[in-house]
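Feature annotations, courtesy of Swiss-Prot:
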- Ser2: N-acetylserine (MOD_RES)
- Ser201: phosphoserine (MOD_RES)
- Thr202: phosphothreonine (MOD_RES)
- Ser226: phosphoserine (MOD_RES)
- 229-251: region 'Disordered' (REGION)
- 241-248: motif 'SHP-box' (MOTIF)
- 2-15: topological domain 'Cytoplasmic' (TOPO_DOM)
- 90-94: topological domain 'Cytoplasmic' (TOPO_DOM)
- 138-154: topological domain 'Cytoplasmic' (TOPO_DOM)
- 190-251: topological domain 'Cytoplasmic' (TOPO_DOM)
Amino acid sequence: MSDIGDWFRSIPAITRYWFAATVAVPLIGKLGIISPAYFFLWPEAFLYRFQIWRPFTATFYFPVGPGTGFLYLVNLYFLYQYSTRLEAGAFDGRPADYLFMLLFNWICIVITGLAMDMQLLMIPLIMSVLYVWAQLNRDLIVSFWFGTRFKACYLPWVILGFNYIIGGSVINELIGNLVGHLYFFLMFRYPMDLGGRNFLSTPQFLYRWLPSRRGGVSGFGVPPASMRRAADQNGGGGRHNWGQGFRLGDQ
């Protein structure tokens with residue numbers, strides 16, 4: 001048990017709380033402590049009955065059962081792996097900036113969910129984070145099932161197809177990829193590559209709540225992966241080795 005505790009405490013703080021909630025809320029629903037009916041994002045209940053908790057619970061809940069358990073575990077792994085890589089990598093020392101990215105993506109996903117009657121938001125938020133990681137490390141070579149290898153920028157779309165095979169739907173993954181692209185475009189591509197204004201800026205109250213541990217620069221300024229490729233490759237990260245021939249989570 002001490003090994004599990006040490007592993008859990010080693011997870012970056014924001015990812016750790018997100019991971020814990022994504023385990024706890026489905027477990028609460030599975031055990032019947034709270035009816036899962038209260039966890040879904042139902043527009044009528046949220047907008048007209050003022051059940052304001054639903055966007056939060058819909059972000060962490062997933063109906064785990066014989067037909068969905070594998071899909072849940074795969075996406076829980078994606079959450080741990082890529083949220084950890086972002087928080088401890090590109091966002092290292094800047095928890096406020098990382099939390100702002102999650103909040104921006106989450107708000108976009110909630111609005112989309114209300115408009116499209118999407119009742120569960122766990123997969124879209126995870127995929128949006130994975131998409132941002134893939135774009136910041138777009139030229140790294142990742143490995144997938146059966147020894148397939150490709151650039152990281154294609155990983156979100158490969159996973160979209162993979163989740164379609166095991167889950168039968170691509171809407172959640174597609175929404176997550178599009179929201180992740182919106183954040184990446186507004187935060188990086190438009191101001192840095194196209195010379196446009198910066199539309200996204202982390203609010204100062206988040207810096208007061210979660211101060212940067214180094215640098216003290218307001219706003220997130222890590223360049224895209226094309227400028228960081230050598231440093232990242234020297235660090236040895238970025239391999240997605242959990243397919244055939246690799247142990248889950250190997251680097």
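Counting begins at 1 with the first residue displayed.
Heads up, the Cβ atoms here are built off N, Cα and C, so glycines get one too.
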Grab the pLDDT values for the topological domain 'Cytoplasmic' (138-154) and give me their mean, rounded.
-> 88
Most isolated by CB count within 10 A, of the modified residues Ser2, Ser201, Thr202, is Ser2
Using C-alpha atoms only, work out the spacing between Ser201 (phosphoserine) and Ser2 (N-acetylserine) and round it to an integer in Å.
-> 40
